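Written out below as structure tokens is the structure these notes cover.
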Amino acid sequence: MSALLFRDLRLAFRAGGGFGLGLAFFLLVAVLVPLGVGPEPTTLAKIAPGILWVGALLACLLSLDRIFALDFEDGSLDLLATSPLPMEGAVAVKALAHWLVTGLPLTLLAPVLGLLLNLPAESYLWLILSLLAGTPALSMIGAFGAALTVGIKRGGLLLSLLVLPLYVPTLIFGAEVIKRGASGADAVTPLALLVAITAVSGALLPFAAAAAIRVNLR
Amino acid sequence: MSALLFRDLRLAFRAGGGFGLGLAFFLLVAVLVPLGVGPEPTTLAKIAPGILWVGALLACLLSLDRIFALDFEDGSLDLLATSPLPMEGAVAVKALAHWLVTGLPLTLLAPVLGLLLNLPAESYLWLILSLLAGTPALSMIGAFGAALTVGIKRGGLLLSLLVLPLYVPTLIFGAEVIKRGASGADAVTPLALLVAITAVSGALLPFAAAAAIRVNLR
Amino acid sequence: MSLWEYANPKKFMALSGRLLPWIVALTVLSLGIGIIWGFFFTPDDYKQGSTVKIIYIHVPAASAAINAWAVMLVASLIWIVRRHHVSALVAKAAAPVGLTFTLIALITGALWGQPMWGTWWAWDPRLTSFLIFALFYMGYIALWEAVENPDTAADLTGVLCIVGSVFALLSRYAVNFWNQGLHQGASLSLDAKENVSDVFWLPLVVCIIGFELLFLALVLIRTRSEIRLRRAQALAARERLA
Amino acid sequence: MMPDLGKYAFAVLASYGATFALLAALVGVTVWHRAKSIRALAESEARMEKSDG
Amino acid sequence: MELLVKDLAVQRGGLTVLEGVSFSLAAGQALVLRGANGIGKTTLLRTIAGLQPKAAGELNVPPETLAYASHADGLKATLSVQENLRFWASVYGTDLVEDALQAMNLTALRNRWAGSLSAGQKRRLGLARLMVSGRAIWLLDEPTVSLDAASVALFAGVVQGHLAQGGAALMATHIDLGLAQAETLDLTPYRATAATIRRTDAFQEAFL
Amino acid sequence: MELLVKDLAVQRGGLTVLEGVSFSLAAGQALVLRGANGIGKTTLLRTIAGLQPKAAGELNVPPETLAYASHADGLKATLSVQENLRFWASVYGTDLVEDALQAMNLTALRNRWAGSLSAGQKRRLGLARLMVSGRAIWLLDEPTVSLDAASVALFAGVVQGHLAQGGAALMATHIDLGLAQAETLDLTPYRATAATIRRTDAFQEAFL
Ligand code: HEM
Ligand SMILES: Nc1ncnc2c1ncn2[C@@H]1O[C@H](COP(=O)(O)OP(=O)(O)OP(=O)(O)O)[C@@H](O)[C@H]1O
Ligand SMILES: Nc1ncnc2c1ncn2[C@@H]1O[C@H](COP(=O)(O)OP(=O)(O)OP(=O)(O)O)[C@@H](O)[C@H]1O
Ligand SMILES: [Mg+2]
Ligand SMILES: [Mg+2]
């Protein structure tokens, strides 16, 4: 199990492994939005929490197809399925590796981008907390979507279509935490809900995803 | 040449070809942003032109890796390179096919999404015009980026990183057309610039892209 | 003989073939009566004016869309648990019908919103969750289209339908949390209660029944087509072996 | 015969129009799909007959 | 330890392709599957490996004994030869990396990235992965594709050694490996016919 | 029409792998390249096909005469067998789809999606593509991988026919095709040595 985790991390950090590109994408969204929307600080401050969450979500989304598709294409997934590792565990480990490579760095980068978008000072703590609580759910839900589409060549966009509706609750609660936190309202309720989503998807989705992979390998 | 165009279009419309998914992604961005940013109509109206352009740009971006990578992976690109078709022509045709499959439908869908984002009534004409003038440039620039990254497995995010900076002028002029058009200011200048970008990239980038592909096949 | 016998394609074809003419006739009848009654023979609401006539398509379409998803969920569960091929095909057949109803509810709602709220679209929770619902439908249909092998597609879409249902409910809750909206409450409280009871209510009920019957008829026809195509495929496969 | 829809005529008529258009499209696709399936099945059954001799 | 297959039917794309396949494979035995392109060798091997459900018949696989090598080698281009093998060794909980490198003549290439190997070198690495699994029954799908004569001989030697140590091997191949003790099973007689679909395929039956 | 190679050196990954290769190939001739895995057969063929620059030597290819078939077949999984071939026919401006289908025994599969073919059937389609090109000189990289004995014979027949019509073929393969008129070129003597790298590789030289 840990061998799989280390392999996935090592692959991510090797050339072409895509580490850092999720971050770059996040950065680009944060830069492009002011370019498109215009530079007024008050508008930007107002939309900053939402844009940061949407950006994090898209950055996560775009690296999802790497979770299983690479292993499927080169035959590793067949071999993993016939190996002694239980598929559920493999799915969970791969989602974890995905989070370590995208979600966690995104969380750490987000405050810097908050500066670019004029995020008010009170919000930073909540920004970090909400991303920390919510991004693992993004990785796990995404792994489920990736498992569904693993047999489909370049199913990247289909994957987005399947996964984004599933991301809606996470996104809403996540952005809500920041907004409420900044205005001094009750931010703990949405944060707790975010944690609950993460916990439940981490506990149940590996089974659904493993089933989907087995079907796809058939 | 037309054989290549028809093949690419046919592949796009076949199962798993990804037609319509760019559209779906565009729709998703238009839905997610209000979910993140909040529902106030005035804020939304203000950021609508920018968000629509950013969304169109991202939808375009995500389907870029299909332009050459599929052909590279299954060996068709080697075969095309040794065929009598000039690589420059093949690149231009493939960019055209990409535009027909993503840019054009995006342009047609955009007004509906304008409704969702409370875009003011005077802006719709300019929205369509700007997308019509700008999206071909997105496809052509994107094809150039795809040519640069064709040798890299799942280089989707690297591709985004390379291409997005190149998209910046198109994005700025595109959003500017809509904003100026809505406020009655001079929208023709940015529109003309947009057309110029499209024309110049259509004329020159096929050569750069073809050179990049030849290097990558080496 | 158990109910599951009807999951056999042949039995299903025979039975549905016999029922279908009646269902179609009933659909045409109830939908015709309901719509004509609603459109031509109901008074205007004193506050909403003639726009109240939109209710005769808006509400039936919305509730039929929700029911269609419920049918898909049940059919998916049956497929996954008992692997009856017809139920997978029912789920497949129901999706486009449900999506169309969802779009009808969205479009009529938007057209209604313009005169009532002064805007085509507002990010009201009901509206928003319905839009997300439409996205669920699209993803589900796209997955059916994208997977070549019919059994694989049935399995994958089944799993998606179940997981998606949970998240759809969650979204509904999340969206409420996010915004308090403009949309009508759960009761038919147009204005005065006595109005609702008969003048508006009766034709609405007929329309609701009509839309549900339409759903049933279309799903049966589509399921029958899918079964025929599968049979043709099976024959072609046998031919290939011979 | 036609009820007076007043200033809301557009909203009401457009709603009914859009609904009928969408339903007509759905019914059309369904009927076409049905015809296609019947044709496909008839074809393969005819071929079966022939090969069965 | 014996792999037992009795009256097995296998499906591909919803269609039964082979049926009535029976054989057994005991320790020290090797069996070569033969048959024209498309007869269903790959499908049969995948079914035995547990990647797809069987359509009918009996399939008796002793638990934790199988190692499967498919058409594709499952190599990571950006890991070195050694790292690729180490990963599989720890998945299977064995310690055979060095032996495998030696046996497949890969020691000189151990620090090269797998992506920079030639077609045949990749294939050798794929076979080394199999050795590293430490499993007794090897399922091999066209193991010698892209191998030169010397490498084929090397591979035959490795299989021979595996059999001598009480292992077993089931392989699909079109060429002659020169394995003395290998028996051959021609799959041509087991090709599914129209008449047999009915018996094996619940779905087709329901619709026919 | 003659393909002329003189003192050719080829590079892979920045390193010279073969050097001093000379041969010529005239109408009606076939030449089989041999050599151990990794010696550089693929690299040589890609260089001749014009996909990568040569490191040194002379390479004389008559214009518009080459057709190259690589390890990968360049098939589109979601196009039918027929559509795949038609595309290449119109790229090369020929009208040979029916002949190719016939020759490679693919007429029965013409309407199947290429993605649903077995490994060997795909390979046959890949070779049919070559026929459709209508070109005189065929460059073939391990053309018989995955083919069963019958298909190998079929393929040999096709090559023979091509030669008889004044074509030529250059192929890399590890197995014997049974082509009577084929000559063989063993590449082992041309393996680049440390001493020769200096001469051929301007970049490396600059750093040595
Ligand atoms: C795009 C906009 C709209 C959408 C997506 C939408 C959606 C829905 C949905 C999902 C229902 C629930 C049906 C059920 O549970 O059976 C509903 C009911 C209803 N809608 Fe809308 N609606 C929209 C706009 C409007 C507008 C503008 C009005 C009127 C001002 C309106 C009036 C009603 C009424 C009166 C009901 C019945 C309430 C009940 O008893 O549940 N809707 N709508
Ligand atoms: N996705 C699919 N849909 C329908 N039929 C398929 C599909 N994949 C393979 N087949 C068919 O199933 C049959 C068995 O294929 P399989 O790959 O098992 O053959 P094989 O014996 O391994 O052939 P080869 O020697 O060419 O590798 C073939 O006739 C093939 O055309
Ligand atoms: N990207 C690369 N970087 C460095 N070396 C490489 C790269 N690709 C291939 N090589 C090396 O170049 C040499 C020639 O490879 P090539 O693929 O031409 O061999 P081949 O003769 O076709 O072998 P095979 O019979 O196994 O297909 C090999 O030693 C290989 O390891
Ligand atoms: Mg095979
Ligand atoms: Mg080679």
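Every residue, even glycine, has its Cβ placed from backbone N, Cα and C.
Just so you know, TrEMBL annotations never went through curation; they're auto-generated.
Annotated in TrEMBL:
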- C:4-183: domain 'Cytochrome c assembly protein' (DOMAIN)
- C:20-42: transmembrane segment (TRANSMEM)
- C:54-81: transmembrane segment (TRANSMEM)
- C:93-113: transmembrane segment (TRANSMEM)
- C:125-144: transmembrane segment (TRANSMEM)
- C:156-179: transmembrane segment (TRANSMEM)
- C:199-221: transmembrane segment (TRANSMEM)
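In this model, the domain 'Cytochrome c assembly protein' (C:4-183) carries an average pLDDT of 87. Here the transmembrane segment (C:199-221) sits against the transmembrane segment (C:54-81); at least 3 CB pairs are under 8 Å, leaving out pairs fewer than 6 apart in sequence. Between the transmembrane segment (C:125-144) and the transmembrane segment (C:20-42), the number of CB pairs under 8 angstroms, six or more residues apart, is fewer than three, so the stretches are not in contact. Panel annotation: around the transmembrane segment (C:54-81), residues 7, 34-35, 38-39, 87-88, 90-91, 94-95, 97-99, 101-102, 104-105, 108-109, 111-112, 130, 133, 136-137, 140, 154-155, 157-159, 161-162, 165, 168, 190, 200, 203-204, 207-208, 210-212, 214-215, 219 of the same chain, lying at least six beyond its termini, place a Cβ under 8 Å from a Cβ of the stretch.
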